[in-house]
Amino acid sequence: MEKVNFRTQVLTGHLQNHRHATTTIYPSPCVSYVPPEISEQPFSFDVSSMRKLMDGHNLGDRDWLFNLMVQSKLFNPRLRGGKVFVVPDYNHSMEQQREITMKRIEYLLDHGAFEGWLTGKGPEAEMKKFALLEVIEIFDHSLAIKIGVHFFLWGGAIQFFGTKRHHDKWLRATENYLIKGCFAMTELGHGSNVRGIETTATYEANTGEFVINTPCESAQKYWIGGAANHATHTVVFSQLNVDGNNQGVHAFITQIRDENGNICPNIRIADCGHKIGLNGVDNGRIWFDNVRIPRENLLNSVADVSTDGKYLSAIKDPDQRFAAFLAPLTSGRVTIAVSAVYSAKISLAIAIRYSLTRRAFSITANGPELLLLDYPSHQRRLLPLLAKTYAMSFASNYLKLLYIKRSPQLIKTIHVVSSAFKATLTWHNMRTLQECREACGGQGLKTENRIGQMKGEYDVQSTFEGDNNVLMQQVSKALLAEYVAAKKRNKPFKELGLEHMNRSCPVIPAQLASSTLRSTQFQNDIFCLRERDLLNRFAAEVSQYQAHGESKESAFVVSYQVAEDLGKAFSDRAILQSAIEAENNVKDASLKNILALLRSMYVLVTLEEDAAFLRYGYLSTDNAAAVRKEVAKLCSEIRPQALALVSSFGIPDAFLSPIAFDWVAANSWSTVQN
């Protein structure tokens, strides 16, 4: 009761004071839009040079495809605030989104966008394919996934799992969409654990055929992109049975629809239904009931079955054979990691441009309202994410080059790096989308402003082509295997970037000055120290569990906390090294200066956010406080460059959103009338 009386007195006092208030309140003029290009400082570096550094390759091809999409009504052009924007219409039903996605593919096909995607030879053809897919991603994730399944999964399986007979028969037909392919690996009961799938393929020597079966409901193929409506063929991953022996998982070409779109005999297909995003992709479920396919439909680059039923493979060890079999699938993780970076770029470009024109509150009596990005708190929300996106952009370029240079010697490195980057970059993207959505306030909820919708569209990246947590555990296992092998041989580390383990352990100064925190030497040292120490801890913990009778796999499972920290440490160190290499290759001083600021922000915000640096004692509490102070300082230094940095992404205006530009005009009454 006393609290009630007290609050009543306080409220009465406020009301009485308000009645007698003498402060004059002046009406403010209407809010107007001022383009940031006018209000912001001139750019201190060449934006086109930065874009070239960021995109890395095929800028002309990218711009050609951007222009091609803008020219067609299929890409839903809309006039808002004096600008034309192209963005999918998410008001469409699931069925409409699927059909318009297919029509867009046909338009791109008719204009030669896919020429050479499967029949082209050499690194140039592969880099062009990557570049064009990245542009498609910027427009619509559904469209990119639908195309990616057809070319990278179905087409890639034929390229890498198949041999000449498959290439001659299927590749050009796939490139020209004479057939439409899908990729049937995931099952209701098995996703990341591919070796556990239950679909079977049994060879019958008397007919020269494989018989494919779905033996139980958990074996139904699930989430198969393209299967529900459009795909005519699929690559089916099945347990191969030859002469009563299970030879493990293999891949088979199987037709699922005829040329008229009718489902083939002994095949059942159902729709996976509406999803939180990617409704332009027709995900389906497939059951096989004694489906017969010719022996030649086994994709046989790793293993084959002779006409008389003999299993043939040059790789005798089942584990090595399975690893060789799955090695080419890294292309999926590569494209996902890269697309996550471009998604983050879109959301940051929109949110930062909006924050450079939207004002809120005044900090002086009757003074002007402040731009959102002039608030230190708003800078702290967006600018570290911007710096991380730059670092991860360089990392994704490194990953693409690593993949294109692939060789048997690089298989392990590509697997580990693509797993680490796929997890780290997609997690970063989802966090960036959420922060940018919130930073745009209510405008971030509108689908036309893209960011809110993109959260649902990109959420799947955390789990498809490998659950992120599982991938990070695979990274840690690979690092441990390298550690054990090096110790057993008593030889230096030579792979996976672990060469720093051959040097003496870095020593972190007791007190960290600003100049030290920003030095490449310190940044590299503390990231290497963390990775080195965590790898030693992980090895010791696993060894300790094994000494107490645990199996190797069980020891891995119970050591998951250190394993997760180690996976992050590996990924962060590899990303930093990619950023340092990109910076070192730049000659222009103005570019070098801003890249150094972004690199320092990337490292220091990682130190601040990852509890491992304090948990394991790599940073003292005093040094952690110094890091936090330096992050705030870096925010104020990067702030004047914010517009130039997002302009360097090279994303045309039409592929952003109305709030990135004149959001007042875009929401005027005239737009309602029209």
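Glycine is no exception: its Cβ is also placed from the backbone N, Cα and C atoms.
These features come from TrEMBL:
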type: ACT_SITE; residues: Glu465; note: active site, proton acceptor
type: BINDING; residues: Thr186, Gly225; note: FAD binding site
type: DOMAIN; residues: 182-291; note: domain 'Acyl-CoA oxidase/dehydrogenase middle'
type: DOMAIN; residues: 329-480; note: domain 'Acyl-CoA oxidase C-alpha1'
type: DOMAIN; residues: 527-656; note: domain 'Acyl-CoA oxidase C-terminal'
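Feature annotations (TrEMBL) mapped to structure.
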residue: Thr186; record: FAD binding site; Cβ neighbours (10 Å): 21
residue: Gly225; record: FAD binding site; Cβ neighbours (10 Å): 26
residue: Glu465; record: active site, proton acceptor; Cβ neighbours (10 Å): 26
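Note: the CA-CA distance between Gly225 (FAD binding site) and Glu465 (active site, proton acceptor) rounds to 12 Å. Put simply, the residue listed as 'active site, proton acceptor' is 10 Å from Thr186 (FAD binding site) when counted between their Cα atoms. Residue counts for the domain 'Acyl-CoA oxidase/dehydrogenase middle' (182-291) under DSSP (helix as H, G, I; strand as E, B; rest coil) come to 6 helix, 54 strand, 50 coil.
Here the domain 'Acyl-CoA oxidase C-terminal' (527-656) is broken down by DSSP into helix, strand and coil counts: 108 helix, 0 strand, 22 coil. Regional average pLDDT for the domain 'Acyl-CoA oxidase/dehydrogenase middle' (182-291) in the model is 97.
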